[in-house]
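Features of the protein shown, as given by Swiss-Prot:
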BINDING   GLY17, PRO18, THR19, ALA20, ALA21, GLY22, LYS23, THR24  ATP binding site
BINDING   THR19, ALA20, ALA21, GLY22, LYS23, THR24  substrate binding site
REGION    42-45  region 'Interaction with substrate tRNA'
SITE      THR108  site 'Interaction with substrate tRNA'
SITE      ARG130  site 'Interaction with substrate tRNA'
Amino acid sequence: MIFDHNDKRPPIVVLCGPTAAGKTALAVRLAGELPVEVVSADSRQVYRHMDIGTAKPTSEELAAVPHHLIDVVDPDENFTAGNFCRLGRQALNDILGRNRLPIVVGGTGLYIQALLHGLIDVPDGDSELRATLLRAEQLHGEGTLYQRLQIVDPVLAKRLPPNDLVRIVRGLEVYELCNRRLSDLQAEHAGQKSPYRVLTLGLTMSREALYERINHRVWRMLEDGLAQEVEFLLKRGYAAECKAMQTIGYRELVQHVLGNLSMDEAVRLIQRDTRRYAKRQLTWFNKVNSIIWLDSFGEFAKVLKLIDSFIYAA
(Lines of atoms letter the chains of each structure in order from A and count residues from 1; the text may use other names and numbers.)
(Lines give C-alpha, C1' and ligand atoms only; values in the text may rest on other atoms or scores of the structure.)
Protein backbone atom coordinates (compact mmCIF):
# COMPACT_ATOMS: atom_id res chain seq x y z
CA MET A 1 0.00 0.00 0.00
CA ILE A 2 1.49 3.34 -1.09
CA PHE A 3 0.61 6.46 0.89
CA ASP A 4 1.02 10.07 -0.21
CA HIS A 5 4.10 11.55 1.46
CA ASN A 6 3.05 15.06 0.43
CA ASP A 7 -0.34 15.01 2.16
CA LYS A 8 0.01 17.11 5.31
CA ARG A 9 -3.56 16.77 6.57
CA PRO A 10 -3.83 15.28 10.09
CA PRO A 11 -4.06 11.47 10.04
CA ILE A 12 -6.92 9.39 11.41
CA VAL A 13 -7.68 5.69 11.17
CA VAL A 14 -11.18 4.34 10.62
CA LEU A 15 -11.99 0.81 11.74
CA CYS A 16 -15.34 -0.17 10.29
CA GLY A 17 -17.36 -3.25 9.42
CA PRO A 18 -20.52 -5.10 10.38
CA THR A 19 -21.76 -5.59 13.91
CA ALA A 20 -20.03 -8.40 15.84
CA ALA A 21 -16.96 -8.34 13.57
CA GLY A 22 -14.56 -7.63 16.45
CA LYS A 23 -13.86 -3.92 15.89
CA THR A 24 -13.73 -2.92 19.56
CA ALA A 25 -11.45 -5.82 20.49
CA LEU A 26 -9.02 -4.87 17.72
CA ALA A 27 -9.04 -1.21 18.76
CA VAL A 28 -8.21 -2.16 22.35
CA ARG A 29 -5.42 -4.41 21.14
CA LEU A 30 -4.01 -1.56 19.04
CA ALA A 31 -3.99 0.61 22.16
CA GLY A 32 -1.42 -1.76 23.62
CA GLU A 33 0.94 -0.94 20.77
CA LEU A 34 0.13 2.64 19.73
CA PRO A 35 -0.79 5.99 21.37
CA VAL A 36 -4.42 5.92 20.26
CA GLU A 37 -7.83 7.10 21.42
CA VAL A 38 -11.15 5.80 20.10
CA VAL A 39 -14.02 7.82 18.67
CA SER A 40 -17.09 5.59 18.65
CA ALA A 41 -19.11 5.78 15.43
CA ASP A 42 -22.13 3.85 16.66
CA SER A 43 -25.55 5.48 16.45
CA ARG A 44 -26.77 3.69 19.60
CA GLN A 45 -23.76 3.87 21.89
CA VAL A 46 -24.38 7.62 22.21
CA TYR A 47 -27.34 6.79 24.50
CA ARG A 48 -26.85 6.59 28.26
CA HIS A 49 -28.18 3.56 30.17
CA MET A 50 -28.28 1.44 26.99
CA ASP A 51 -25.14 -0.59 27.56
CA ILE A 52 -25.76 -4.28 27.00
CA GLY A 53 -27.96 -4.12 23.92
CA THR A 54 -25.63 -1.70 22.14
CA ALA A 55 -22.52 -3.77 22.92
CA LYS A 56 -20.71 -0.85 24.51
CA PRO A 57 -17.08 -1.45 25.45
CA THR A 58 -16.67 -3.10 28.83
CA SER A 59 -15.25 -1.24 31.81
CA GLU A 60 -11.95 -3.05 31.19
CA GLU A 61 -11.90 -1.94 27.54
CA LEU A 62 -12.75 1.63 28.50
CA ALA A 63 -9.90 1.59 31.01
CA ALA A 64 -7.48 0.29 28.38
CA VAL A 65 -8.09 3.11 25.89
CA PRO A 66 -9.94 6.45 26.10
CA HIS A 67 -13.28 6.39 24.25
CA HIS A 68 -15.26 9.37 22.96
CA LEU A 69 -18.88 9.78 21.80
CA ILE A 70 -20.24 7.17 24.21
CA ASP A 71 -23.01 8.09 26.71
CA VAL A 72 -23.68 11.50 25.18
CA VAL A 73 -27.48 11.83 25.43
CA ASP A 74 -30.43 10.21 27.19
CA PRO A 75 -32.54 7.67 25.28
CA ASP A 76 -35.42 10.10 24.78
CA GLU A 77 -33.20 12.83 23.29
CA ASN A 78 -32.74 13.36 19.57
CA PHE A 79 -29.28 12.75 18.15
CA THR A 80 -28.47 13.23 14.47
CA ALA A 81 -25.60 12.71 12.06
CA GLY A 82 -25.10 16.47 12.29
CA ASN A 83 -24.69 16.24 16.07
CA PHE A 84 -22.23 13.40 15.60
CA CYS A 85 -20.22 15.32 12.99
CA ARG A 86 -19.87 18.34 15.27
CA LEU A 87 -18.96 16.43 18.42
CA GLY A 88 -16.87 13.88 16.55
CA ARG A 89 -14.71 16.49 14.84
CA GLN A 90 -14.21 18.22 18.17
CA ALA A 91 -13.03 14.90 19.64
CA LEU A 92 -10.72 14.22 16.67
CA ASN A 93 -9.10 17.62 16.96
CA ASP A 94 -8.68 17.27 20.73
CA ILE A 95 -6.99 13.88 20.28
CA LEU A 96 -4.72 15.18 17.53
CA GLY A 97 -3.87 18.14 19.76
CA ARG A 98 -2.52 15.68 22.32
CA ASN A 99 -0.30 14.12 19.63
CA ARG A 100 -2.27 10.91 19.73
CA LEU A 101 -3.81 8.96 16.86
CA PRO A 102 -7.62 8.96 16.63
CA ILE A 103 -9.23 5.67 15.64
CA VAL A 104 -12.85 5.96 14.56
CA VAL A 105 -14.48 2.64 15.44
CA GLY A 106 -18.00 1.66 14.45
CA GLY A 107 -20.51 0.38 11.97
CA THR A 108 -22.76 3.38 11.39
CA GLY A 109 -21.73 4.30 7.86
CA LEU A 110 -23.65 7.57 7.78
CA TYR A 111 -21.89 8.81 10.92
CA ILE A 112 -18.47 7.91 9.53
CA GLN A 113 -19.26 9.62 6.24
CA ALA A 114 -20.47 12.75 8.04
CA LEU A 115 -17.38 12.83 10.23
CA LEU A 116 -14.93 12.50 7.35
CA HIS A 117 -16.66 14.60 4.72
CA GLY A 118 -19.17 16.76 6.58
CA LEU A 119 -22.82 17.12 5.66
CA ILE A 120 -24.46 18.85 2.75
CA ASP A 121 -25.51 22.39 3.61
CA VAL A 122 -29.26 22.14 3.08
CA PRO A 123 -32.18 23.74 4.91
CA ASP A 124 -33.73 21.96 7.87
CA GLY A 125 -36.95 20.11 7.21
CA ASP A 126 -40.12 22.17 6.96
CA SER A 127 -43.01 20.27 8.54
CA GLU A 128 -45.66 22.47 6.93
CA LEU A 129 -44.21 22.07 3.44
CA ARG A 130 -43.79 18.33 3.98
CA ALA A 131 -47.42 18.00 5.02
CA THR A 132 -48.50 19.93 1.92
CA LEU A 133 -46.50 17.61 -0.32
CA LEU A 134 -47.91 14.50 1.33
CA ARG A 135 -51.45 15.83 0.96
CA ALA A 136 -50.80 16.29 -2.76
CA GLU A 137 -49.73 12.65 -2.99
CA GLN A 138 -52.93 11.56 -1.27
CA LEU A 139 -55.12 13.88 -3.33
CA HIS A 140 -53.69 13.18 -6.78
CA GLY A 141 -52.65 9.58 -6.31
CA GLU A 142 -49.58 7.44 -5.74
CA GLY A 143 -46.61 8.49 -7.84
CA THR A 144 -47.58 12.16 -8.05
CA LEU A 145 -44.57 13.38 -6.09
CA TYR A 146 -42.19 11.08 -7.94
CA GLN A 147 -43.39 12.51 -11.26
CA ARG A 148 -42.82 15.99 -9.87
CA LEU A 149 -39.29 15.04 -8.78
CA GLN A 150 -38.57 13.68 -12.27
CA ILE A 151 -39.26 17.18 -13.58
CA VAL A 152 -37.37 19.30 -11.03
CA ASP A 153 -34.50 16.89 -10.22
CA PRO A 154 -34.32 14.05 -12.77
CA VAL A 155 -30.87 12.93 -11.57
CA LEU A 156 -32.12 12.35 -8.03
CA ALA A 157 -35.33 10.75 -9.30
CA LYS A 158 -33.31 8.24 -11.30
CA ARG A 159 -31.48 7.16 -8.13
CA LEU A 160 -34.62 6.64 -6.05
CA PRO A 161 -37.25 3.91 -6.18
CA PRO A 162 -40.65 5.41 -7.04
CA ASN A 163 -42.00 4.25 -3.65
CA ASP A 164 -39.24 5.87 -1.53
CA LEU A 165 -41.56 8.63 -0.38
CA VAL A 166 -39.30 9.91 2.42
CA ARG A 167 -36.39 10.72 0.09
CA ILE A 168 -38.68 11.91 -2.71
CA VAL A 169 -40.30 14.39 -0.35
CA ARG A 170 -36.89 15.52 0.91
CA GLY A 171 -35.72 16.16 -2.65
CA LEU A 172 -38.78 18.26 -3.40
CA GLU A 173 -38.49 20.01 -0.05
CA VAL A 174 -34.90 21.10 -0.72
CA TYR A 175 -35.83 22.32 -4.20
CA GLU A 176 -38.73 24.38 -2.87
CA LEU A 177 -36.76 25.85 0.04
CA CYS A 178 -33.54 26.86 -1.72
CA ASN A 179 -34.35 26.58 -5.43
CA ARG A 180 -31.47 24.12 -5.89
CA ARG A 181 -31.53 20.51 -6.96
CA LEU A 182 -30.48 18.17 -4.15
CA SER A 183 -28.51 16.11 -6.70
CA ASP A 184 -26.47 19.22 -7.61
CA LEU A 185 -25.75 19.94 -3.95
CA GLN A 186 -24.70 16.31 -3.42
CA ALA A 187 -22.38 16.43 -6.44
CA GLU A 188 -20.74 19.64 -5.21
CA HIS A 189 -20.28 18.16 -1.75
CA ALA A 190 -18.80 14.93 -3.12
CA GLY A 191 -16.01 16.93 -4.73
CA GLN A 192 -14.87 18.44 -1.44
CA LYS A 193 -11.74 17.07 0.17
CA SER A 194 -11.86 15.72 3.71
CA PRO A 195 -9.94 17.82 6.27
CA TYR A 196 -8.30 14.58 7.40
CA ARG A 197 -5.93 12.08 5.84
CA VAL A 198 -7.73 8.79 6.35
CA LEU A 199 -6.76 5.14 6.48
CA THR A 200 -9.94 3.06 6.41
CA LEU A 201 -9.72 -0.56 7.51
CA GLY A 202 -12.70 -2.88 7.31
CA LEU A 203 -13.11 -6.08 9.29
CA THR A 204 -14.83 -9.00 7.64
CA MET A 205 -15.30 -12.75 7.80
CA SER A 206 -17.44 -15.33 6.05
CA ARG A 207 -21.17 -14.70 6.25
CA GLU A 208 -21.66 -18.02 8.03
CA ALA A 209 -19.08 -17.14 10.69
CA LEU A 210 -20.51 -13.64 11.14
CA TYR A 211 -24.07 -14.90 11.54
CA GLU A 212 -22.90 -17.49 14.06
CA ARG A 213 -21.16 -14.76 16.07
CA ILE A 214 -24.29 -12.60 15.93
CA ASN A 215 -26.53 -15.40 17.15
CA HIS A 216 -24.12 -16.22 19.97
CA ARG A 217 -23.77 -12.57 20.97
CA VAL A 218 -27.53 -12.18 21.32
CA TRP A 219 -27.60 -15.06 23.81
CA ARG A 220 -24.62 -13.55 25.66
CA MET A 221 -26.42 -10.19 25.91
CA LEU A 222 -29.40 -11.94 27.47
CA GLU A 223 -27.13 -13.74 29.92
CA ASP A 224 -25.57 -10.37 30.79
CA GLY A 225 -29.01 -8.93 31.63
CA LEU A 226 -30.42 -7.29 28.50
CA ALA A 227 -34.02 -8.02 29.50
CA GLN A 228 -33.39 -6.42 32.89
CA GLU A 229 -31.81 -3.42 31.17
CA VAL A 230 -34.99 -2.96 29.12
CA GLU A 231 -37.14 -3.19 32.26
CA PHE A 232 -34.90 -0.60 33.94
CA LEU A 233 -35.29 1.80 31.00
CA LEU A 234 -39.07 1.44 31.00
CA LYS A 235 -39.20 2.04 34.77
CA ARG A 236 -37.13 5.21 34.33
CA GLY A 237 -39.87 6.51 32.07
CA TYR A 238 -38.33 6.02 28.65
CA ALA A 239 -41.34 5.25 26.47
CA ALA A 240 -41.43 2.20 24.25
CA GLU A 241 -42.12 4.55 21.35
CA CYS A 242 -38.98 6.68 21.67
CA LYS A 243 -36.45 6.26 18.86
CA ALA A 244 -33.72 4.59 20.89
CA MET A 245 -36.14 2.04 22.34
CA GLN A 246 -37.28 1.11 18.84
CA THR A 247 -33.86 -0.20 17.85
CA ILE A 248 -32.90 -3.86 17.54
CA GLY A 249 -32.90 -5.79 20.80
CA TYR A 250 -34.84 -3.18 22.71
CA ARG A 251 -38.06 -3.12 20.69
CA GLU A 252 -38.40 -6.91 20.82
CA LEU A 253 -37.76 -7.14 24.55
CA VAL A 254 -40.10 -4.23 25.23
CA GLN A 255 -42.82 -6.33 23.64
CA HIS A 256 -41.75 -9.31 25.74
CA VAL A 257 -41.84 -7.25 28.95
CA LEU A 258 -45.31 -6.00 27.99
CA GLY A 259 -46.47 -9.58 27.52
CA ASN A 260 -46.91 -9.37 23.76
CA LEU A 261 -44.05 -11.65 22.76
CA SER A 262 -42.54 -14.85 24.14
CA MET A 263 -38.86 -14.83 25.02
CA ASP A 264 -38.12 -17.46 22.36
CA GLU A 265 -39.79 -15.34 19.69
CA ALA A 266 -38.05 -12.19 20.92
CA VAL A 267 -34.66 -13.92 20.65
CA ARG A 268 -35.47 -15.21 17.17
CA LEU A 269 -36.42 -11.72 15.99
CA ILE A 270 -33.37 -10.06 17.55
CA GLN A 271 -31.05 -12.55 15.89
CA ARG A 272 -32.82 -12.25 12.54
CA ASP A 273 -32.91 -8.46 12.55
CA THR A 274 -29.28 -8.19 13.66
CA ARG A 275 -28.24 -10.44 10.77
CA ARG A 276 -30.23 -8.26 8.39
CA TYR A 277 -28.63 -5.15 9.84
CA ALA A 278 -25.16 -6.63 9.34
CA LYS A 279 -26.05 -7.32 5.72
CA ARG A 280 -27.11 -3.69 5.23
CA GLN A 281 -23.88 -2.50 6.85
CA LEU A 282 -21.82 -4.60 4.44
CA THR A 283 -23.81 -3.27 1.50
CA TRP A 284 -22.99 0.29 2.61
CA PHE A 285 -19.29 -0.32 3.24
CA ASN A 286 -18.80 -2.35 0.05
CA LYS A 287 -19.57 0.84 -1.88
CA VAL A 288 -16.62 2.62 -0.24
CA ASN A 289 -13.68 1.96 -2.53
CA SER A 290 -11.04 3.23 -0.10
CA ILE A 291 -11.61 0.47 2.48
CA ILE A 292 -8.81 -2.04 2.94
CA TRP A 293 -10.60 -5.24 3.96
CA LEU A 294 -8.97 -7.52 6.50
CA ASP A 295 -9.92 -10.77 8.12
CA SER A 296 -11.32 -10.11 11.58
CA PHE A 297 -8.80 -12.47 13.13
CA GLY A 298 -5.16 -13.28 12.46
CA GLU A 299 -4.05 -10.12 10.63
CA PHE A 300 -2.97 -7.96 13.56
CA ALA A 301 0.61 -7.68 12.31
CA LYS A 302 -0.69 -6.49 8.94
CA VAL A 303 -2.89 -3.87 10.64
CA LEU A 304 0.10 -2.53 12.59
CA LYS A 305 2.21 -2.39 9.44
CA LEU A 306 -0.50 -0.53 7.52
CA ILE A 307 -0.95 2.02 10.30
CA ASP A 308 2.80 2.50 10.67
CA SER A 309 3.21 3.11 6.93
CA PHE A 310 0.22 5.45 6.96
CA ILE A 311 1.40 7.55 9.92
CA TYR A 312 4.88 8.03 8.56
CA ALA A 313 3.73 8.76 5.01
CA ALA A 314 3.47 12.46 5.85
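Backbone N, Cα and C define each Cβ position, glycine as well.
Structural mapping of features recorded in Swiss-Prot.
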residue: GLY17; record: ATP binding site; DSSP (3 states): coil
residue: GLY22; record: ATP binding site; DSSP (3 states): coil
residue: THR108; record: site 'Interaction with substrate tRNA'; DSSP (3 states): coil
residue: ARG130; record: site 'Interaction with substrate tRNA'; DSSP (3 states): helix
Residues close to ATP site centre defined by GLY17, PRO18, THR19, ALA20, ALA21, GLY22, LYS23, THR24, Cβ within 8 Å: GLY107, LEU203, SER296
Whole-number Å value for how far THR108 (site 'Interaction with substrate tRNA') lies from ALA20 (ATP binding site) (Cα to Cα): 13
Alpha-carbon distance [THR108 (site 'Interaction with substrate tRNA'); LYS23 (ATP binding site)] in Å: 12
Spatial neighbours of GLY22 (ATP binding site) that are distant in sequence (at least 6 apart) but have CB under 8 A: LEU203, SER296, PHE297
Pairwise CA distance, GLY17 (ATP binding site) versus THR108 (site 'Interaction with substrate tRNA'), rounded so that it is a whole Å: 9
Structural state census, the region 'Interaction with substrate tRNA' (42-45) (DSSP three-state): 0 helix, 0 strand, 4 coil
Local Cβ density at GLY17 (ATP binding site) - other Cβ atoms counted within 10 Å: 26
Confidence summary (mean pLDDT) of the region 'Interaction with substrate tRNA' (42-45): 98
Long-range Cβ environment of PRO18 (ATP binding site), under 8 Å and at least 6 residues apart: GLY107, LEU203, THR204, LEU210, TYR277, ALA278, LYS279, GLN281, LEU282, PHE285
Same-chain residues at least 6 apart in sequence whose Cβ lies under 8 Å from ALA21 (ATP binding site): GLY107, LEU203, THR204, MET205, LEU210, ARG213, SER296
Whole-number Å value for how far THR108 (site 'Interaction with substrate tRNA') lies from THR19 (ATP binding site) (Cα to Cα): 9
